[in-house]
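Quick look at what TrEMBL annotates:
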DOMAIN    19-255  domain 'Glycosyltransferase N-terminal'
REGION    449-474  region 'Disordered'
COMPBIAS  460-471  compositional bias 'Basic and acidic residues'
Amino acid sequence: MAPTAELDTATSPPPPHFVIVPFPAQGHTIPMVDLARLLAERGARASLVVTPVNAARLRGAADHAARAELPLEIVEVPFPPSAADAGLPPGVENIDLITDYADFRPFFDVMRDLAAPLEAYLRALPAPPSCVISDLSNSWTAGVVSRVGLPRLFFHGPSCFYSLCDLNAAAHGLQQQADDDRYVVPGMPVRVEVTKDTQPGFFNTPGWEDLRDAAMEAMRTADGGVVNTFLDLEDEFIACFEAALAKPVWTLGPFCLYNRDADAMASRGNTPDVAQSVVTTWLDAMDTDSVIYVNFGSLARKVPKYLFEVGHGLEDSGKPFVWVVKESEVATPEVQEWLSALEARVAGRGVVVRGWAPQLAILSHRAVGGFVTHCGWNSILESIAHGVPVVTWPHFTDQFLNERLAVNVLGVGVPVGATASVLLFGDEAAMQVGRADVARAVSKLMDGGEEAGERRRKAKEYGEKAHRAMEKGGSSYESLTQLIRSFTLQEPKNSSSITVECSANRHI
């Protein structure tokens with residue numbers, strides 16, 4: 001299918017060219033690939049700048065775009081040679097490939113060395129691109145784009161609710177508090193009280209302050225922002241976020257709804273470790289809204305003791321389930337044996353997927369009626385977009401505030417009971433949630449009753465609104481039209497803000 005450029009007439013200027021620079025973590029890359037597809041579908045040229053390992057993961061997306069004759073290209077730049085000097089193992093070009101927590105900070109430092117190849121690519125283009133859209137975690141792109149003299153938009157992956165909390169807390173210096181006292185985030189349209197564990201901020205760890213400062217500066221100096229959300233979901237928070245930034249914010253989501261055919265769903269992210277048809281065939285035999293889907297994202301890895309609690313909780317709930325576990329979590333004979341025994345006990349009502357799963361195909365299936373999620377924004381939004389309520393089990397960073405939005409503001413979630421951050425690779429000492437908590441939350445979400453029915457009704461209502469937002473005339477569709485036109489017509493930068501009263505008048 002050829003792109004449908006709205007400005008494709010004989011008198012129109014050439015379509016704009018967007019250079020997109022994702023951060024190499026699946027939760028960051030997937031929505032930016034979706035964004036590139038959206039832009040290309042509407043007639044703009046989109047170039048994704050990635051390193052070789054990440055380019056290989058995007059081969060399916062590139063092939064799908066080529067078949068559809070979309071102007072989307074993958075631009076491969078070498079991973080910096082400084083990675084070896086920093087002690088990173090060969091081939092570790094994505095956060096989810098890191099196996100030693102000590103390698104995280106060096107990984108971010110090495111990423112800065114992509115500045116030179118990105119600048120060389122931008123300068124070598126026959127015509128300057130219209131705009132660079134870079135992940136906020138790639139704050140180093142700000143200097144590159146400024147030197148080349150191009151407009152830059154930041155892409156920030158979390159909800160606007162979270163981003164507004166983060167911006168306001170940072171403006172008042174609240175994230176540097178040394179104790180565990182609670183504080184109320186100022187400037188919010190609802191009352192948001194947080195603790196040291198649940199407060200906003202991606203780089204609050206001691207020793208990471210320079211990355212945090214650089215990210216906030218990259219946001220302040222950008223010409224605007226792009227966010228994966230939609231007006232009917234976060235209208236108050238979008239308005240306040242745009243007002244606080246004093247620059248335009250384009251809300252273009254849910255990006256996932258662009259991927260409506262099987263090939264597009266399957267080509268998102270990494271290659272699935274199980275055929276999509278295997279899971280969907282099993283789901284076909286299940287009743288509508290009867291199956292609970294369980295997936296904790298690409299980063300959080302549970303130690304065996306925690307993994308066993310999840311499995312026992314699902315078994316004790318008595319509900320049919322599809323549970324995704326990471327290859328790194330099933331590496332030991334002990335875990336492999338235990339999972340095989342679990343599968344034997346729940347044969348017919350439980351499926352365990354080892355590795356990467358086709359999440360959109362699962363969430364969009366009529367049989368799936370709930371999602372146990374780590375509360376990464378992509379997962380929360382994908383669930384809402386398909387009308388599926390959630391059991392919330394946040395682990396770190398934005399996830400606790402995404403939980404607050406899902407449970408207390410939108411009314412589509414049941415908390416499992418996690419209250420403190422855990423280490424990326426699991427923390428045996430921080431066993432906050434057990435099998436009884438899992439079984440309780442799953443049963444509360446999936447069982448009938450007035451409360452569960454209202455939660456499901458709200459989820460389905462938001463799902464319908466999400467689809468309308470992406471259709472012609474919808475808020476996200478029209479926002480994308482405005483974004484493309486603003487760069488096509490070379491309109492002057494507009495940094496004017498809207499005036500919004502953001503007083504705290506509700507308690508969540």
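Backbone N, Cα and C atoms are what each Cβ position is placed from, and that goes for glycine too.
Secondary structure of the region 'Disordered' (449-474), assigned with DSSP and counted as helix (H, G, I), strand (E, B) and coil, comes to 21 helix, 0 strand, 5 coil. Within the model, the domain 'Glycosyltransferase N-terminal' (19-255) shows a mean pLDDT value of 94, rounded to a whole number. Long-range Cβ contacts of the region 'Disordered' (449-474) within its own chain (Cβ-Cβ under 8 Å, at least 6 residues beyond either end) map to 230-233, 253-254, 257-258, 289, 369, 383-389, 410-414.
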